[in-house]
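S.K.: One structure, pasted below without further comment.
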C-alpha cells in the first residue's frame, strides 16, 4: 500500500472473464464514469476498452477485454486472439468470476491461460456475491468474509483452486461490482502489484477512447437494449462523419447501424421508424451526460451481409 514519500506506481491491469461476468460493470464502477457499455447480453464488449483510475500518486490503466468464449467462428476467434495478445503485456491480470455460475469449459480455458502467471500477477475476484445473498445490509466486512468462505469451500472454489493451485490466498476476493462492495480491498492489493513508474496518462484523464469510439459504442448499446432478443450480435455501428460546429459548442455526427439481413433492418428501423428514432434519442441523452457538447445525431440503418466473415471489417471493429 502506498504511503507518503513512496514512489508512484503505474501500470496496466487486464480484466478477464467469461461473458457476462461483470467486467464492464466493474470498470465503470472503479473509474466513476461510464467507460464500457453494459448489457445483459453476453459478449457485447468487442474491443479492449481502457479506463484510467488515479489513486493518490498511483495510476491504474484498466483494459476491459471481450468475454472469453471458446468458439471456432471467425468472429469469436478474433476476440480470443485479442485477449491472448493483451495477457502477455499486462502488469496485473484481474480474473473476474461470476459467483452465481458453475465452473465450466470457459473457466477452464481462462485458468489455463492465466496459470503461467498465477504466482506473480493474477488476482481473482468472485463477483456478483450480492446475488447469492439478497442483503448486504449487515457489516460489509462480515458479509464478504462469510461469502468468501462459502465460495472457496463450494464446487466453484474447489475447481478454481485445482486449476490455479499456486494463486496466493490473499489475492482472492469477493465483490459486488454492481453495488460497489469489496472493491477497496481489491484495489489496494492491485496497486501493490503495479511496478514503480510514473503515470502513463495525465491525472485528469479517465479514458483514452476517442469521441468517435464513444459515440459508436453508445449507439450500439442503445440498439442492443432495444432489440436484445432479435439481433444483439448481428449488428455493428460506425461513424461516417463528425465535426464540431457553432464555435465548438455542438457535436454534429452522422452515424450508422449495420445488420446482416433486410429482415433485421426492418426490426431495427421499426414501424414508421419508431425503433431507430428511440435509439437515436436514447443515444443523444447518454452522450449528453458524457460529452460537453450539444449533440446533433443522425443514424441510418444499412445491410452489410456476412460482415462477421470479412477480415478487413473485423480488423476495423476488433482492436
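Heads up, the Cβ atoms here are built off N, Cα and C, so glycines get one too.
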S.K.: Select from 60-63, 64-67, 68-71 the stretch of residues annotated by Swiss-Prot as region 'G3'.
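M.R.: Within the set 60-63, 64-67, 68-71, Swiss-Prot attaches region 'G3' to 64-67.
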S.K.: Under Swiss-Prot, which of the candidate ranges 17-24, 25-32, 33-40 is annotated region 'G1'?
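M.R.: Per Swiss-Prot, the stretch marked region 'G1' is 17-24.
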S.K.: Labelled region 'G4' by Swiss-Prot, one stretch among 119-122, 123-126, 127-130. Can you tell me which?
M.R.: 127-130
S.K.: Which one of these stretches, 3-7, 8-12, 43-47, shows up in Swiss-Prot as region 'G2'?
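M.R.: Checking Swiss-Prot against the ranges 3-7, 8-12, 43-47, the region 'G2' one is 43-47.
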S.K.: Just name the winner among 20, 65 (the binding-site residues) by count of other CB atoms within 10 A of its CB.
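M.R.: When each Cβ's neighbours within 10 Å are tallied, 65 tops the list.
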S.K.: Could you tell me what the rest of the chain brings near the region 'G4' (127-130), counting residues at least six beyond its ends with Cβ under 8 Å?
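M.R.: For the region 'G4' (127-130), the list is 17, 21-22, 26, 96-100, 136, 143-144, 147, 151, 174-179, 181-182.
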S.K.: When secondary structure is assigned with DSSP, how many helix, strand and coil residues does the domain 'KH type-2' (227-303) contain?
M.R.: 28 helix, 30 strand, 19 coil
S.K.: Over the region 'G4' (127-130), what is the model's mean pLDDT?
M.R.: 90
